[in-house]
Amino acid sequence: MYDAERGWSLSFAGCGFLGFYHVGATRCLSEHAPHLLRDARMLFGASAGALHCVGVLSGIPLEQTLQVLSDLVRKARSRNIGIFHPSFNLSKFLRQGLCKCLPANVHQLISGKIGISLTRVSDGENVLVSDFRSKDEVVDALVCSCFIPFYSGLIPPSFRGVRYVDGGVSDNVPFIDAKTTITVSPFYGEYDICPKVKSTNFLHVDITKLSLRLCTGNLYLLSRAFVPPDLKVLGEICLRGYLDAFRFLEEKGICNRPQPGLKSSSEGMDPEVAMPSWANMSLDSSPESAALAVRLEGDELLDHLRLSILPWDESILDTLSPRLATALSEEMKDKGGYMSKICNLLPIRIMSYVMLPCTLPVESAIAIVQRLVTWLPDMPDDVLWLQWVTSQVFTRVLMCLLPASRSQMPVSSQQASPCTPEQDWPCWTPCSPKGCPAETKAEATPRSILRSSLNFFLGNKVPAGAEGLSTFPSFSLEKSL
């Protein structure tokens, strides 16, 4: 919600490969209401939303942002089985792209102005990170915020020695004050800037603060957030973000400068914004000719967008940003050259699928070897962490099974022998990676052994070096025992 008197913040939802939507929405705000971005108290984001916030605060140009996102999509779609190919490593690509694109002083530019949503592995609680001491910490926080368990890998990355996963697991639309935060999401739901659905269905579901309207459109968007569609579809989503943001500005009445729409001539425009093909366009040009000038890769993009928007939003198509349309047009082009065109021929594609049972094992072996080589420096810590998590799981399972087995015992046996010998109870005391608890006494009862073990693993005080290692929330121990 926008509140000019109390100030405002912006929150960008986690949306995977649909981050193009945030680019379009932010471009509209920067053109029609630049004060919303310039004077915002903080920018919040989870996963792809956090990446976008860092890009905005770092001043990364629009063209470079679209290029990075497009390269990620091309990388994910370059194989026959897409993201499921063993060679696709999302975290590795993100880390390399961030180290390349972010400026050296990015930690100074964003500290105190951003809130990156992280999910702590130890207790599943949400953590908002705002202050950074170096560029490496910014990269680590972003990689943690984008790490989807089992999708990005098995071992979560760490930030300042603590393991974190995707912030969307605990809070996908982070904010501090809901009344003064403008929320942005590419999903149909209850947000300030989001698509509007052509339906009378008002059923919603909330998942980690992600409000989703129950409709087929959201099912499609959720699937495309993990499995990227064609770049033309993502270009349409980017333009959709621009239109939804403009509708929000119109509803709030906070547009404060003329629209740089497609009907405008190139006179008085920035040289990098003006397109050569629009130089001969006059102010009297019809909406059809204006739309024709910015159709990307033919007529598919805008025509498909016109079919998917609401009737009263068609007039907003004339306000689309020329610079955004130009940048999208460049990224939609096939950059593979003749070799890419040859590989996209139908006979070649059929042959590649036929040969997949032969080529996939070889490619998988190569990808596994490469991952093992890059994993060698972190292997000792990660193996110890896996052992620690395994012991946690074993302890929880044991604790859940013990009450059931005790309840099945005869009443007479329970009254006759309140303390059963240790060897009659399958209890195992796991050890942490960097230290073991004190040796238990042989004459201790099973309940005391179990309580001691659980207090060690589930207590408020975690051993040094084991922060962020538990994968389950803690609970009251006395009630269970």
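Positions of Cβ are set from backbone N, Cα and C atoms, glycine also.
Predicted, not measured: the structure shown is a model, and the values here were computed from it.
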Stretch carrying motif 'GXSXG' according to Swiss-Prot (options 45-49, 70-74, 300-304, 415-419): 45-49
Stretch-averaged pLDDT - the motif 'GXGXXG' (14-19): 92
Cβ-Cβ distance under 8 Å to ASP166 (active site, proton acceptor), same chain, at least six residues away: GLY14, ALA46, SER47, THR119, SER145, CYS146, PHE147, ILE148, PRO149
Lowest local Cβ density (other Cβ within 10 Å) among recorded positions: SER47, ASN89: ASN89
